[in-house]
């Protein structure tokens, strides 16, 4: 009985009335077990491999990974990796476990397949839209060229009409063509 009271005294910080800072606690005092240890109903050790990646506030994260991979496999996998890669590995395991629960046959490969198929469909739609855009640009340029040609033809017809109706009628005598030729003769016979 004495050992239990000693253990509780050792983990409880002593508060003194002096202005000195409280004594420092050991490097990682576990106040609440990590989600993994809580779900596995075991004591969370000070150097628990799972504690940094499965906080007590998110037990569903460990539950999903544990359901697919198993706790011993997760621990073994994390111990083989350097600490810098463990966070990404845990996130990947949780993602793969969620995908496996959603699609037990294909897992994350099924999700990847669906995403690749969606990308292919979107690329086909994009190519079709680009072809339609090129066709519309071609039609627009043809229409502009047609409008320009019609406008030029209309201007030319107007110019021809105005030239024909010009006031040069005083030079020719429509009633007598011989008399008009006589009028011009003196200019060339000089």
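Each residue, glycine too, has its Cβ placed from N, Cα and C.
What Swiss-Prot records for 1-11 is compositional bias 'Polar residues'. Per Swiss-Prot, the feature domain 'LOB' maps to 32-133. Positions annotated as region 'Disordered' by Swiss-Prot: 1-27.
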So what's the mean pLDDT when you look at the domain 'LOB' (32-133)?
93
For a three-state summary based on DSSP, what are the helix, strand and coil counts in the domain 'LOB' (32-133)?
73 helix, 0 strand, 29 coil
